[in-house]
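As structure tokens, the structure follows; a few thoughts come after it.
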Amino acid sequence: MKMWLLVSHLVIISFTSCLSGASPFPVYKWRMNNGDIDLTSDRYSMVGGNLVINNPDKQKDAGIYYCLASNNYGMVRSTEATLSFGYLDPFPPEERPEVRVKEGKGMVLLCDPPYHFPDDLSYRWLLNEFPVFITMDKRRFVSQTNGNLYIANVEASDKGNYSCFVSSPSITKSVFSKFIPLIPLPERTTKPYPADIVVQFKDIYALMGQNVTLECFALGNPVPDIRWRKVLEPMPSTAEISTSGAVLKIFNIQLEDEGTYECEAENNRGKDKHQARIYVQAFPEWVEHINDTEVDIGSDLYWPCVATGKPIPTIRWLKNGYAYHKGELRLYDVTFENAGMYQCIAENTHGAIYANAELKILALAPTFEMNPMKKKILAAKGGRVIIECKPKAAPKPKFSWSKGTEWLVNSSRILIWEDGSLEINNITRNDGGIYTCFAENNRGRANNTGTLVITDPTRIILAPINADITVGENATMQCAASFDPALDLTFIWSFNGYVIDFNKENIHYQRNFMLDSNGELLIRNAQLKHAGRYTCTAQTIVDNSSASADLVVRGPPGPPGGLRIEDIRATSVALTWSRGSDNHSPISKYTIQTKTILSDDWKDAKTDPPIIEGNMEAARAVDLIPWMEYEFRVVATNTLGIGEPSIPSNKIKTDGAAPNVAPSDVGGGGGSNRELTITWVPLSREYHYGNNFGYIVAFKPFDGEEWKKVTVTNPDTGRYVHKDETMRPSTAFQVKVKAFNNKGDGPYSLTAVINSAQDAPSEAPTEVGVKVLSSSEISVHWEHVVEKIVESYQIRYWAAHDKEAAAHRVQVTSQEYSARLENLLPDTQYFVEVRACNSAGCGPPSDMIETFTKKAPPSQPPRIISSIRSGSRYIITWDHVVALSNESTVTGYKVLYRPDGQHDGKLYSTHKHSIEVPIPRDGEYVVEVRAHSDGGDGVVSQVKISGVSTLSPTLLGLLLPALGIVVYLAI
């Protein structure tokens, strides 16, 4: 344990071992640098087992401390603690010189931290003022090893004053250096230069479980990319790369993470590499440690104390707090002098661990008080029994036995063990009776008695017999036994040496509890895994008897093994395998299956020979697709079914071959002026058959002699456009397409006849006219052009305040003579023109037409005054709508009478301010009123009516008080 102290008036040092729970309560003593501490001094005091130092002083109190705790059973020593005084001096007061660097060059600003302890500083850099810290990125890096600031290549934005800011987390103190002016020097062109690693990690020794940090940063222009790897091994799973690649952290490092690590920096001018090794070591850890032990006086003791670690720990011993022994501890002919408190200490360069134990030396006359003999011992006739005699005694006593008044001696049936136990073999009824064990040593003697009762033996009288079944069938294993009627009998079944748990295996295994003294086992729906040896054990508390039988389960074959792929060709491969288990039914045939990227399903392959006999272990898969990635597996079959497949092979790729399939649906035509468009359906991946796959497109005029050929290298395209300014429009061409790859060309497709693109129309539509429909709609009409090559007409229109380039377009078929333009702006000047078009483009425009949309319709809705029922009709009245200056004049009103919830109804037109509508027969109706003008329809007002009331309550509540009128309701 280590302690760092900055400034304090009080320090407390404590150890778990010094806060002892011993009885009697221990006495504590503290030592520093192997000298006793005077606890009577005012500077020291002790609370429990803790040492308290008042006004600690570096000169007097820095050192190594440990504690001793003792009582009348012995003394133990605590682990050691080092008390150190931490400090962080200020930076020197001298100004730091300015640094001038050409833009594009790399540079380093040195931190040069002041004197400090401990060495756990963290570093940051201030820019111009506190607390503005620079942010590390791919171009800038602050090393936490030496504090230096590295810039891969300097930019004009780096100009400023820099200060190294140093913090010590142990003593919670920070200091910063004088500012360093950095002045980038402009360059007309910054010169690139290769990566140069300037922050290099060194060989490091790490303690298992620690976090390890490696730093690597390079100068260069452009800024280098940094990559990490572990040489010849995968990176640890806990490795994490941060700070734009400059830092590799390995968390909770383990022994297997030891190795050589490499950092590589690279830009387009070159690369640089650096390697160093991490050595992982470990703190001592117990494999076996000592515990409180009692041994007999005069005996020998081997006290094992084993620890692991890296380096391998050494072992030393303390007795009652003082050095006693090194290495393995063995004590011979122990006496009371050997009693005491022992400590085993395992230590290496990383620390020490302590194990404490008390050694007691025993000396006492034999006594059976703690461990008396059993009063009743049961044994089966013909069997074997051991009667234990284990008194507590020190030194070890001598033993003798009697049956009744007869002294027993070793014979062919009777044996007295060294530990005092009595063994009797081939038991008869006459062996029953009272047995006495006598124990004696140099401190006294004692005896104890027990009664041996002889029972009938347990015997299997109906043993299980071998069975042979097929998968899915049931099997019965019989088992019956004779036993002593005074005892309880239990049957235990085991399978291949493992006891069957009927609670977990109740699907396939069942017991027959209907028969007394019978342990019959039923195996239901047997599977291949149930084949093996079954053992029935009939057991009482006295003895047991067992019998076994074998179950053979016949079924489909097991998976073949050792699948290998050899002699790989374009359309075939050779396969070899080893025979799997036939599961007691001969294999009749094998099937080879394949899987490709074209499907997730396994499919049966064609083979040579077509039928693979069951005694074969090799065959050839044929009719494969060239240059295709395959997996293979083999399946065996017998008369009982198809077996499990083998483990799939590694993926292989068949050799390439020239394509043998031609593209389909070759055609084309159309396109822009002076173009010949050729199309086809691209071949799917399975027909590529090799690398560098593409298409050769051949074409010629219909009556021409020489084919022109072009290469299309994109395997996924199905279109080629040939441009030729001399090409006549609508010229017939013969075209054909074939595939090719690095192995050769495939066959051509069937020849197709297509036409080159036609010319765009040369005439402009005539008699173009415009009819203004409303504030947002106009209708355009024209006369058709005479040319037959017209496929459509395009109407272009734009507002006078817009540019012509922003014109809107509407396309209609060549059969249309007019078009409706919608969503126009009200009271706005528009320009309109019409063109004739086909696939080659559009012809010249018609004469430009100028038109104005009408003013907008009224924006105010009619205000409904009343809705009065009069006989079989309703009279709806509203105020006249007055249009604004920028709106169209009201020419009348439109009234829509419709069922509530529907959009359609009966439409009325009127120049009045009222209208009569019929009373609804069912439910509610809605009456919508809106003003009408040349600019269109205005905003709607509505009212609901029904056969019950003349006006909705809401509308009544709004209208009546405001209008000051009385409405009489006629029902």
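Every residue gets a Cβ built from N, Cα and C, even glycine.
Note that this is a predicted model, so its numbers are computed, not measured.
Copied over from TrEMBL, here are the features:
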DOMAIN    17-84  domain 'Ig-like'
DOMAIN    90-176  domain 'Ig-like'
DOMAIN    194-279  domain 'Ig-like'
DOMAIN    284-360  domain 'Ig-like'
DOMAIN    366-453  domain 'Ig-like'
DOMAIN    457-554  domain 'Ig-like'
DOMAIN    559-657  domain 'Fibronectin type-III'
DOMAIN    662-759  domain 'Fibronectin type-III'
DOMAIN    764-859  domain 'Fibronectin type-III'
DOMAIN    860-953  domain 'Fibronectin type-III'
REGION    651-670  region 'Disordered'
SIGNAL    1-24  signal peptide
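Same-chain residues lying 6 or more positions outside the region 'Disordered' (651-670) and placing a CB less than 8 Å from one of its CB atoms are 565, 568-571, 573, 624-632, 676-683, 687-691, 693, 695, 718-719, 735-752, 754-757, 839. Scored by C-beta pairs under 8 angstroms, the domain 'Ig-like' (17-84) has its highest count with 284-360, from the stretches 90-176, 194-279, 284-360, 764-859. Break the region 'Disordered' (651-670) down by DSSP state and the numbers are 0 helix, 7 strand, 13 coil. For the domain 'Fibronectin type-III' (764-859), the DSSP counts in helix, strand and coil order read 3 helix, 48 strand, 45 coil. Counting residue by residue with DSSP, the domain 'Ig-like' (194-279) contains 6 helix, 53 strand, 27 coil. Per-residue pLDDT, averaged across the domain 'Ig-like' (194-279), gives 90.
Under DSSP, residues within the domain 'Ig-like' (17-84) fall into helix, strand and coil as 6 helix, 34 strand, 28 coil.
Sorting each residue of the domain 'Ig-like' (284-360) by its DSSP state yields 3 helix, 50 strand, 24 coil. Shown for the domain 'Ig-like' (90-176): DSSP residue counts in helix, strand and coil, namely 3 helix, 39 strand, 45 coil. Taking H, G and I as helix, E and B as strand and the rest as coil, DSSP gives the domain 'Fibronectin type-III' (860-953) the counts 1 helix, 53 strand, 40 coil.
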